[in-house]
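Take this structure, written in structure tokens, and hold onto it; I'll ask about it next.
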Amino acid sequence: MPGPEATQISAFTAAAAHALCFASLAVAHSLAGRGALVSDPALALRLLVVCGAPVVIAVYSYLRRDARSCSFFKAVARGLIGLLVGAFLNAFGAIVLGAPVGIKYWMTTIYWSLLMSLFTFVPAACVFGSSKIDWQNVLSHSIYFTPTDVENYMISAPCHGAVLGAWIGAWPMPLDWERPWQEWPICVSYGAVAGHLVGMAVSWVLIALHKRRVRAKAD
């Protein structure tokens with residue numbers, strides 16, 4: 001069942017939060033230039049992280065669930081820790097699944113891992129801290145089939161979208177097409193960003209439907 005916090009975040013607030021995060025990605029893309037992810041993936045990914053991290057951490061720290069017991073700056077600290085821990089886990093997972101480990105790729109792997117952490121670990125770390133139950137809820141697929149809190153929709157769909165997008169984006173890498181964008185982690189990054197943006201849209205739809213159900217019950 002939704003907690004009391006669910007009524008405190010409106011569909012407009014959720015949309016505004018996602019719009020700010022999207023704007024940070026758009027600014028990074030503009031600074032990097034068209035096609036930079038293919039021509040200079042390290043630069044493009046670095047700009048995505050540098051532009052996106054402050055916005056994502058600030059937005060989700062403001063939306064922290066335990067606002068009475070956790071200050072904004074403590075939530076920011078949780079986000080920074082989540083960024084580093086998530087990057088390590090993403091890098092480890094990528095290498096286990098076949099990402100190259102040569103010197104040529106280590107910088108792009110670091111930046112890609114930080115970006116994936118920004119999409120997956122950071123929002124939950126800022127909002128929930130170390131709450132095991134909340135992390136389990138937000139990572140579960142059942143969130144799409146049962147009523148839940150607005151924050152869960154905001155975090156889950158973009159997170160799942162980024163992971164699914166990265167997984168789909170990895171498919172062309174082993175194919176013998178000899179295209180520049182098949183190199184690690186270019187197509188995986190495109191897939192992750194695209195999946196994350198689709199997840200943002202899906203989460204807003206779920207939030208709007210959730211608010212409609214709440215109003216219908218109230219009436």
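For all residues, glycine too, the Cβ spot is worked out from N, Cα and C.
Okay, so TrEMBL annotates it like this:
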| type | residues | note |
| --- | --- | --- |
| TRANSMEM | 44-63 | transmembrane segment |
| TRANSMEM | 75-98 | transmembrane segment |
| TRANSMEM | 110-129 | transmembrane segment |
| TRANSMEM | 150-170 | transmembrane segment |
| TRANSMEM | 190-209 | transmembrane segment |
Does the chain bring the transmembrane segment (190-209) near the transmembrane segment (110-129), so that three or more CB pairs sit under 8 Å (pairs 6 or more apart in sequence)?
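Stretch pair touches.
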Who are the long-range neighbours of the transmembrane segment (44-63) in its own chain, taking Cβ under 8 Å and residues 6 or more past its ends?
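Hits for the transmembrane segment (44-63): 9, 13, 17, 20-21, 23-25, 27-29, 31-32, 36-37, 72, 75-76, 78-80, 83, 108, 111-112, 114-115, 118, 122-123, 126-127, 151, 154-155, 185, 189, 193.
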